[in-house]
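Novice: Pasting in a structure now, in structure tokens, and then I'll have a few things to ask.
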Amino acid sequence: MTEWEAATPAVAETPDIKLFGKWSTDDVQINDISLQDYIAVKEKYAKYLPHSAGRYAAKRFRKAQCPIVERLTNSMMMHGRNNGKKLMTVRIVKHAFEIIHLLTGENPLQVLVNAIINSGPREDSTRIGRAGTVRRQAVDVSPLRRVNQAIWLLCTGAREAAFRNIKTIAECLADELINAAKGSSNSYAIKKKDELERVAKSNR
């Protein structure tokens, strides 16, 4: 054995990166083919914490590469009093994921992905102005906007459910995600999505 061979250390196996040290991304399936490029959940985007401090707003479409749990965490930091309190929202998401696992026995990442797929509206209506008259026209929704809107609706539903309620926001977020993943109309996001699609259908 030469001196050089002795000096080279054996390459250690890269450890399996698990979110919060618990949840693996390996077995997460994205069943909607149109959203596969916009829900960043594969090993490439695996993180221990949903806090990468990346500059995802610097370029168009770059936010699609932001890990999906981090996007949920960022969206929970809404309404003036919560702005910038990312550690608080990381704690909320961690607690919510533990509740989801206790209630369903599934990987919370899979529940989150299913909830996002189910609560993103496929059709919406936009305002078209013609010669002084404004009418609404049904339009298809792009995949990135579907993901954006789904995350926003899920967080809004959890926030409104927790307001003036004995339940904590983590419990409300867990309930919202579980109901949305099932496609249940108890979910705020599913109700809003159905309403948007119904309005769009009437404006075709």
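The backbone N, Cα and C atoms fix where each Cβ goes, and this holds for glycine too.
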Novice: Quick check on the record annotations: which of K47, K59, K63, K167 is tagged N6-acetyllysine by Swiss-Prot?
Specialist: K47
Novice: Hey, what's the Cβ neighbour count for S142 (phosphoserine) at 10 Å?
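Specialist: Taking every protein chain into account, the count is 11.
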Novice: How big is the Cα-to-Cα gap, in Å, between K47 (SUMO2 cross-link) and S142 (phosphoserine)?
Specialist: 27
Novice: Can you tell me how many other Cβ atoms are located within 10 Å of the Cβ belonging to K47 (SUMO2 cross-link)?
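Specialist: Excluding its own Cβ, the number within 10 Å is 16.
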